[in-house]
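Enquirer: Pasting the relevant annotations from TrEMBL:
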- Thr14, Asp15, Asp16, Asp251, Asp253, Thr254: Mg(2+) binding site (BINDING)
Amino acid sequence: MVGGTWDLQAGQWTDDTSMALCLASSLITQKGFNPYDQMIRYKWWYKHGYLSSIGQCFDIDNATRTSLEEFYHRQIQLKKDFNYQTESEIDQLPLDFIKQVQFDLNCSSPSISGNGALMRLAPVPLFFYRKPSLAVELSGQSARLTHGDDIAFDACRYYGALIVAVIHGESKENLLSDQFYDSHQIWFGSKPLHNEIVRITKGSFKRSRDYKDGIRDKGHIAWALEAALWAFESADTFEKGALNAVNLSDDTDTTAAIYGQLAGAYYGYWKIPAQIERFNKLHSIIASNAPTSH
């Protein structure tokens with residue numbers, strides 16, 4: 001697939017993958033969950049094209065843009081308050097200091113529930129899969145940085161749990177069962193999922209006629225989650241599900257990115273078709289975007 005709104009070449013990715021790469025880079029380099037560093041890397045992508053497939057930020061959603069602008073303004077105030085000289089200095093501040101000065105990292109208003117939090121999620125549950133409860137909680141926390149609504153928090157908790165369950169070897173039948181949430185309740189702790197997400201866990205995505213049956217992703221995180229799960233449930237190969245996801249139209253790259261997180265974990269790297277893999281430009285892009293360059 002080439003062209004589209006941004007006239008991309010095969011193998012070039014959009015904001016969804018750039019933000020996921022930023023998150024993965026943070027988890028690996030920080031050896032854990034550092035929300036300040038995550039926001040730094042998202043800012044680098046936004047301002048400098050860090051981990052973009054074309055060397056610049058494009059296709060950023062309004063909610064993420066607003067949150068990153070707010071984060072940047074808070075950083076500037078931090079720089080003034082503590083007499084730092086450069087932006088690089090504040091970018092390198094340790095998380096302990098950020099906590100000590102009570103720097104607020106949740107840069108979104110509480111009503112923001114777009115799909116941008118879910119599209120980048122996979123690195124968190126993959127990194128913490130050995131501790132399912134922690135993986136689920138941090139999946140939710142990763143959303144709060146840019147999308148403040150509880151429904152975004154819970155959509156990411158639920159999808160994070162599905163990815164963790166895949167890594168632990170659970171069957172597709174179990175993943176899509178309307179009992180999944182109930183049978184994994186211990187992973188979610190004492191806070192229940194939002195009613196809209198519970199509705200999805202009970203199988204609201206199981207519809208036979210795709211868009212005509214109301215499956216769509218027009219930006220809201222619950223719709224995006226439902227669309228991705230419909231694509232996963234509707235096919236028995238990675239490629240078929242991906243095609244089903246993009247053929248829903250609407251926010252195609254994000255629906256496909258969300259689908260690909262769960263489907264990629266389920267089918268595995270070696271089941272990704274060769275015609276897709278040969279266009280993969282990740283290695284050269286990542287190598288040319290070392291964190292020290294910013």
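Each Cβ is built from the backbone N, Cα and C atoms, and glycine gets one as well.
No curator has checked TrEMBL annotations; they are predicted automatically.
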Enquirer: Could you say which of the binding-site residues Thr14, Thr254 has its Cβ with the most other Cβ atoms inside 10 Å?
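Expert: Checking each of Thr14, Thr254, the winner is Thr254.
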Enquirer: With an 8 Å cut-off on Cβ-Cβ distance and a minimum sequence separation of at least 6, pull the same-chain contacts of Asp15 (Mg(2+) binding site), or say none.
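Expert: Looking at Cβ-Cβ distances below 8 Å from Asp15 (Mg(2+) binding site), excluding near sequence neighbours, one finds Cys57, Phe58, Asp59, Ile60, Asp61, Thr64, Gly116, Met119, Asp253.
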Enquirer: If the Mg(2+) site is taken as the center of the Cβ atoms of Thr14, Asp15, Asp16, Asp251, Asp253, Thr254, which further residues of that chain fall within 8 Å of it by their Cβ?
Expert: Thr17, Asp59, Met119, Thr252, Ala256, Ala257
Enquirer: Three-state secondary structure of Thr254 (Mg(2+) binding site) from DSSP?
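Expert: The residue in question, Thr254 (Mg(2+) binding site), is helix (DSSP, three-state).
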Enquirer: Which residue among the binding-site residues Asp16, Asp251, Asp253 has the fewest other Cβ atoms within 10 Å of its Cβ, if you could check?
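Expert: So among Asp16, Asp251, Asp253, the binding-site residues given, the one with the fewest Cβ atoms within 10 Å is Asp253.
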